[in-house]
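Asks: Shown below is the structure under consideration.
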């Protein structure tokens, strides 16, 4: 994976930027050589703009991985957990942080979905078409938005080619799994002639209800056996056309579609399903002026424009009870300049506009409701329900107004060499304006759930983020890296305005329009060692938050005499949550050690731990438990074999009203054989996950009782590359 150290601190800085963690057999066997590693999300083509540790999964790692979502693909990587919501959803949690603090990108641009809003919403980013997945840890991600305090997950599909192609190339893959009678197929085709390349890709995936493990204790009240309403479907495709000459730049465009249909497991007979659909348009290009031109100071000027039209339904049998519609425009333009004095780096702008509308109604949602404002006097409605103390107001209508979020950001990231390594400085400022329209919220007299008109006034936030990082070359084998940051994140529209049911999660969310910007002060220390037979990476970090925004479960009593009882929300007695602010701290560590026993055998050991709590000592909810990974690998003559054990420890650090989660061990095995056939290759692979059929639950999941982890699963597949 690593090349020997060479002279020049820029190469050493690149080395230190890489967090060479092992996420699976496939990741260990197919990581990218140091000299060729490209972090596409950082100024297009260089990891020099990324101060934080980075993990990269290449094409082989993605194709052979047993995961079907971003969360399951990455969950074995130290520092990453999976915020699952049944098999249909998997969103990465980085260093205990989730939601909008972990930004998911498609080729460096916003995915345009609502996955940060709720854990039952799937990220609209499909790994089957990906050439590379990059994970950038921590807050020094100023090129992509200062709010990404936990980190960035960037899915690179290379549908728009940035270099000239060579004739015809592509691949076709099929895969099946036993635990859910699942199958998937995908295909990619690139047709190149001269400077032009036409790209086509598509996939289809289907699975039935999966089965949980049989061995071990099943906590009282948990689901087990065949998990009802856990089946999934997915399909999508893309077409792209690009021109590239390999010297002066490229230009191209793509159109892609993506659809999912997945059930939400529950502890009763609910049959909620979520059906998201998206169509996406991308245009991007780059110009690289000649070194002797009038723009000789400019190494590359890159511009990217994307538009996504997203919609998803939440359904009960025969009826749509939830409808989300969102349109997102995003423009990024950045210039990477050649050395000016001793500094070189990237500066640019990012503009984004997002329109969101939704409907939630047991009476059905054919479209976003419109009640207008005729006859509304601007006063607060009289039909809110309250708890016994009259503290909170509960609405039973469309839970949010229409919102338009406009964001404009400028950023600068600069780097230079110093005597013992490199120094990097970065800054970003964003202006965010949120405007609202109560048009879809009822005010009919018997169902009047509007607040007074001032509640819907525009909100403005101006978060400012700063970062500084340095690397220190201790010896030919050791490198040390230190990163400091002060990062701000503005509250999201759903944190401010949502007041209503969330059917798929069986919960009630209260609004909090008084939320303000949260600020994180972070320190991240990385140590890296490379010898002839050993490669070690260790990281420790501490994040201190002022006004951290978190979703707190409330103890609610009411006196409405509902058949379901007198606790929880006044309509369905579901758990009640509200976003609150409090100072908080995150402290954690990650490590990975690869030891080469011989030329064909090596051992991997990795692990992580994070402590997330409010400064009053109260633990934050759904904090990932500590984990460890031990694996033995053998590679020879096209064969790739691996046996691994992954231990997840008991999580006793729980928030109020949150239950502990027991420890468990998962044993996995993997085998692959690469068979060359002329100018093409066949790759056969066979894997067994959860070999001992252990019953286990994911502490990070909202559905840990309803959706335990899958039991023993035999997976087989073959891929033809030509």
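The first residue you see is number 1, and the count goes up from there.
For all residues, glycine too, the Cβ spot is worked out from N, Cα and C.
Keep in mind that TrEMBL annotations are predicted by a computer and have not been checked by a curator.
According to TrEMBL, the protein has these features:
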type: SIGNAL; residues: 1-25; note: signal peptide
type: DOMAIN; residues: 47-152; note: domain 'TonB-dependent receptor plug'
type: REGION; residues: 209-231; note: region 'Disordered'
type: COMPBIAS; residues: 221-231; note: compositional bias 'Polar residues'
type: DOMAIN; residues: 241-691; note: domain 'TonB-dependent receptor-like beta-barrel'
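A description of the local structural setting of each listed feature is requested, covering burial, neighbours and distances.
Replies: Within its own chain, the region 'Disordered' (209-231) is flanked in space by residues 86-88, 179-180, 262-267, 270-273, 662, 664, 690, 692-697, 705-712, which lie at least six positions past its ends and keep a Cβ under 8 Å from the stretch.
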Asks: Within the domain 'TonB-dependent receptor plug' (47-152), what mean pLDDT does the predicted structure show?
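Replies: The average pLDDT of the model in the domain 'TonB-dependent receptor plug' (47-152) works out to 87.
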Asks: With DSSP, how much of the region 'Disordered' (209-231) is helix, how much strand and how much coil, in residues?
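Replies: Helix, strand and coil residues of the region 'Disordered' (209-231) number 0 helix, 4 strand, 19 coil.
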